[in-house]
Each structure stands twice: as C-alpha cells, then as structure tokens.
Amino acid sequence: MALCDDILLCNFPKCRTKLSGFAWVTACSHVFCDQHGSGEFSRSPAICPACSSALSGKLDIVRTELSPSEEYKAMVLAGLRPDVVLDISARALAFWSYQVHQEHMYQEYSLSRAEAQLKQMDKVLTQQNQSRELELNGIRGEITSLKKVMEDYKRKYSEVSERLMERNRQYQKLQGLYDSLRLRNMVVGVGDRDMLPQPVHHDFNTGVARQGTPQRSPQFLSVGHEGDSRFFSCLEADGAKTFFQFSSPAKERGRPFMKKH
C-alpha cells in the first residue's frame, strides 16, 4: 500500500477488505472492519485477532468514523496546546506508517509464498515433462518396431501373392491340358463306336434276317439335384419296331401257314 493511498485494509486474517464508514482501531496499531470488530471485541477480555495482544484498557479499542464531518474535525482538537496537537498528529502518522509497513510485509510474504509455489509447480511440471518425454520415447520405439513388423508382413504378403498367382497360372495351364485330353478322348471314343459292327435283326414276320439300322445312343435323363436317379430311353429309327411291338406267338398261330417253295 503506498503512502498516498488513504484506504485502509482490514487486518483480520483472510478478510483484507477495504475499510469504509466505521472501523475498530486498537492500541497495538491494528484496524478492523465494523463486522469483525463488533464480533471479536464484544467478548471480555478482548484479544487482538492480528497479534493476540490483550486489550484491557478503557481506550485500547476505539470505534471511529473514517470520514468524519466538518464539525467534528473543527472541534476534536480545539483548545489543545500545539505540542499536544503535534503529539496526537505524530501518533496518528505512526499508525499510518505501521499500517503501510505491515501491508508491505504482507505483500512480501505473499510474493515469497507465490514464488515458492511457483518453484514447486515448476519442479512438478519439469518432472511431468520428463516422464512424458520418457513415455513419448517409449511410444516412438513401439511405433518403430510396429513399422518393422508391418514391413515384414507386407513382404510376406507380397511373397504369398506371387506364389498364389504362380499357382493360379499352373492351375490354368493344367486345366487347359485336362480339357484338351478329355476332348481328345471323347473324339477317339466316338470314332471307335462308329467302327463297331452293326447288329443283325431277325424279322419274325418274313423270316428274313436283315442288318439293323443304326440307332441313336440312349439319352440319359438325370432327375434330382445330384443326379442320383438315371433313366434312359431308346429311340428307334423311323418305321422300326421295338422289342415290345413284335407279334406274339398266339397271333402267329392264328395266321395261315404259308409254305414257301
């Protein structure tokens, strides 16, 4: 608090409010706000909350008005000798000097405590930064190792992809060879079947043996999803009779016997 600052602060611990209106002044040169002064000095014996001094005298505690009227200022020192007036003024100035010195000491104490807290926080922050730096270095090492593992996996993946492509090419080549061989075997099988001798059929009506007409191969009809049941039908040439269409012996007996000469 500067010397030119005419505002006092309450000396009650943790209060520090600016005083206005009425204040409580003690013989130990401390001043308190009206609220804390009324509460602390209502008990007997009165104890100064700032320095714990006993205030048992009649004028050790005075409740004064900080902004007195002009009439009060005109009459408070009237009739007193100059030396008394100077003594009173000196004591009043000493009170203000003590308040300024006390405020200066309090500000220095607050500054030293703030500096100590700042140093402590700076130390804690330095430790935290060091720990974070260690953690960051560890994470960087893990990232480097993971990158190496990822590169190894990429290399293995490329190798496996190349092998798969080579296997696919070999499979396509083998599939082409298999298809060509199967087609060749089918062509050879059809040629061999055409070279087989044709069966001879006997006509029971005329009694003349004749060579049978070539028939189409049976047509297989698959039934079901898996083709478990197989059926085939024999399709004869046009005008030819099947086995079940031949005349029965009973019908043959009913016809007249024709003797050939």
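Quick reminder: no glycine exception, Cβ is built from N, Cα and C everywhere.
Curation plays no part in TrEMBL annotations; they are all automatic predictions.
Record features, source TrEMBL:
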{"type": "COILED", "residues": "111-170", "note": "coiled coil"}
{"type": "DOMAIN", "residues": "10-52", "note": "domain 'RING-type'"}
- With DSSP, how much of the domain 'RING-type' (10-52) is helix, how much strand and how much coil, in residues? 7 helix, 11 strand, 25 coil
- Note on the structure: Rounded mean pLDDT within the domain 'RING-type' (10-52) lands at 88
